[in-house]
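To start, the structure itself, in structure tokens.
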Amino acid sequence: MTGLVVGAFPDVIQHGRYDHHLSIAKSDGLSFVIGPLAQQPSPSNPSLLSPRPDLKGLSGTEWSNGIVGLISSTAVYACCDSSPVTSPEITSEVDWAMHMGVPAVMFPPPPTSDPAALDNYGRLVTSTALKVAGSQTGVWIAVNFTPTEECYKAVSAVLMAAEFPSTVSLNLVFQPGMEKEYGLDSYLVHLNRMIGLGVVGVTLPTDGFLTNKKGYPTLSKKMQAVVEFMMKRGGGKLRWVISGGKAHQPGGEDDNVMTDVGEQQSSSSDNQSGYLHYLQYLFHIRKRPSVVSVLDNDEAVAERGYLDYLQAPLQPLADNLEFMTYETFEKDPVKYRNYENAVLLAMEDGKEEGKWVDGRVNIMVVGAGRGPLVQASLNAVKRYNEKNRESRVTPNMLAVEKNKNAVVFLHSRCQLEEDWVGVVRVLSCDMREASVSPSDLADVVVSELLGSFGDNELSPECLDGAQLSGLMKPNAVSIPSDYVSFIAPLSSAKLHQEAKAQAYVSTDPGAGPMGQPFGFLRAMETPYVVRTHAGTQTHGEKECFKFVHPREVGSFKEDDNQRFTKVAFEADGTYGLGLGSGYLREDVGMRDIGKDLDGREGGGKGGIVVHGLTGSFDSLLYKKKYGDREEERISIAPGTFSVGMFSWFPLFFPLREPMFLPAGGKMAVSIWRIKDDKNVWYEWAVEVEDGEGRIVGKSNIHNVNGRSYKVGL
């Protein structure tokens, strides 16, 4: 089980000694301490800080890992209320933080009630974000979280003014009793919206905890649900902070408790920081099965290194995949099981149609890679024969693969694996140019050419090409039978930041720092494969494009695989509660909460910032024509997600400029799939209407003529 990263935010740093506080915090299992950067400015020169008594007590590593520095609230608010909006004191504090390499500096909460002061505050944050860019110091904004429109508008205004810099994140301070005042449903809905702005931490004040019968801190059931929600959404990347003074004094003979943060702990002898029992309580919630099942399953563990990491989509026709890429995909426990089941269903239908009277089935795996679908198909034949002992069939298996290195692997399996020997043959060529003898024409064509958006790795062109090459019998079936792409708006400052950062990446990885940079336009007009995490899918996904295989004879047209659709996303006051970051199965219980709240007080009252679109797919592998009409599917769309499958992450389509979707407003997404003789590409645009139907925002069409990104045929 992954642990929690928890820090202490004491009321007072005694004698200005960070070394003392960090030492006792770490002895109790905490990871960092938050406190003022400055003792106080030098009386003679505000731009200089006074000498520190703790400089020799802390190493550079302890400063860079264990201290988050507070920017002076007095100095910040003075700048917000006056002109000019600069401060020697703030400058010296930030300079000191960068000099010491602290991981973050934290601003006090924004002044939400004064628009002019909020503008000045936004300028201070922007200036500081630019100053620390390129260093290891980030900027946190403390946010006194309330489930209100005022809170979200203030924070989003600051971030939009700063153009959502990658160095800025939010630390939400949960105010005691807010979950009671506004209700749990409203609290969760507005938290879900705030996550899209980039939340790095959550602060729990000690006076927000209740006291149990033995004097230990506990939380109300509603606040427990809030903490659990944030743990599941934030995972191991979220920082937890316990702030304030020691508000609980446990005592008695049962005072010793076992925890995950050390050996047996005693409040009387160990709890030097005053925060040990709060930390223990957070670990208690972290160990709940409902949290463990989300954060510690095999897929979650495998995906940790990919969270919010942008990757260029694979181009399997233009490039040959590497050994490790094949190996990673082959570890999926769900995909190949479902494919095996689909082949079995197709064979059972074939029996009903009298296809196997000669005792032979021709199965062709196109784009065979290293052969996992070949093995899945052989397993399906074996299962079929076990069920139909009086009408067993012999498989005639062809593996078609263009990657000459993968072909070596296939040939090796044909010689070394018993169930492959004499059964599987390898055809080394592009499936669109293959030819076989009449006796080898396929009864069943199996492929795994799908991309994150269904058709973005050119499955339509490949499978149409295979059909036109004459590889299939007239009554052959394809697995998959069809696939549908889906699109939805996504609020994610983090992914928008990551996309902008691609502008400085070299177009030639081998050229190093002398290479031509990607450039802003290209970076913001490229769709990226990403395991979305720090974001919120704001609406249920809508269908875009559908492709069916095999095609009807005579139905092929030159531009057949070009597509256009325009889908509308109506007002959703839940901000997509239950849809998470646009990946994994939607939480039906949370969706029900949102539906109950939508349109009531606390729901549907505010807008949300949209940074891009998230693309996914759902594929029908095969559906039986006879009997129980059983079917097998694979999907990464939240509404139908194949639990346990991790071969695909969503496709993120960034917007060059974030769009604000107002309360009661509607967003229309236009998306094109266009091709020429050499390439296929997508173009996309969004349009925003307010609650009265007036157009209040309209983006440019992204990636016109494939100028920034295309997939080679």
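Note: Cβ is positioned from N, Cα and C throughout, glycine not excepted.
Sequence annotations record features per position, and here TrEMBL assigns active site, proton donor/acceptor to Glu448 (among others). Sequence-distant neighbours of Glu448 (active site, proton donor/acceptor) (same chain, six or more apart, CB under 8 Å from its CB) are Lys335, Tyr339, Gly367, Gly369, Leu373, listed in sequence order.
Marked as active site, proton donor/acceptor by TrEMBL: Glu457 (among others). Long-range Cβ neighbours of Glu457 (active site, proton donor/acceptor) (same chain, at least 6 residues apart, Cβ-Cβ under 8 Å): Pro313, Leu314, Gln315, Pro316, Leu317, Leu449, Leu450, Gly451, Val711.
Feature annotation from TrEMBL assigns S-adenosyl-L-methionine binding site to Tyr326, Lys335, Tyr336, Glu401, Asp430, Met431. Taking the Cβ of Met431 (S-adenosyl-L-methionine binding site) as reference, residues of its chain lying under 8 Å away and at least six apart in sequence are, in sequence order, Val366, Gly367, Val400, Lys402, Cys462, Gly465, Ala466, Ser469, Leu471.
Annotated domain 'PRMT5 TIM barrel' per TrEMBL: 50-283, in sequence order.
The feature domain 'PRMT5 arginine-N-methyltransferase' is assigned by TrEMBL to 301-468.
According to TrEMBL, the domain 'PRMT5 oligomerisation' annotation covers 482-572 (among others). Looking only at the domain 'PRMT5 oligomerisation' (482-572), the predicted model's pLDDT averages out at 88.
Sequence annotations record features per position, and here TrEMBL assigns domain 'PRMT5 oligomerisation' to 609-710 (among others).
Look at TrEMBL and you will find 247-270 tagged as region 'Disordered'.
Residues annotated as site 'Critical for specifying symmetric addition of methyl groups' in TrEMBL: Phe329. The Cβ of Phe329 (site 'Critical for specifying symmetric addition of methyl groups') lies under 8 Å from the Cβ of Gly369, Pro372, Ser647, each of these being in the same chain and 6 or more residues away along the sequence.
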Candidate ranges 301-468, 482-572, 609-710 - greatest C-beta contact count to the domain 'PRMT5 TIM barrel' (50-283) (under 8 angstroms): 482-572
Around Glu401 (S-adenosyl-L-methionine binding site), how many other CB atoms lie within 10 A of its CB? 25
Sorted by position, what residues of the same chain at least six away from Tyr336 (S-adenosyl-L-methionine binding site) have a C-beta under 8 A from it? Glu330, Pro372, Leu373, Gln375, Ala376
Restricting to the same chain and to sequence separations of six or more, state which residues have a Cβ under 8 Å from that of Tyr326 (S-adenosyl-L-methionine binding site). Gly369, Arg370, Ala406
Long-range Cβ environment of Asp430 (S-adenosyl-L-methionine binding site), under 8 Å and at least 6 residues apart: Leu317, Lys402, Gly465
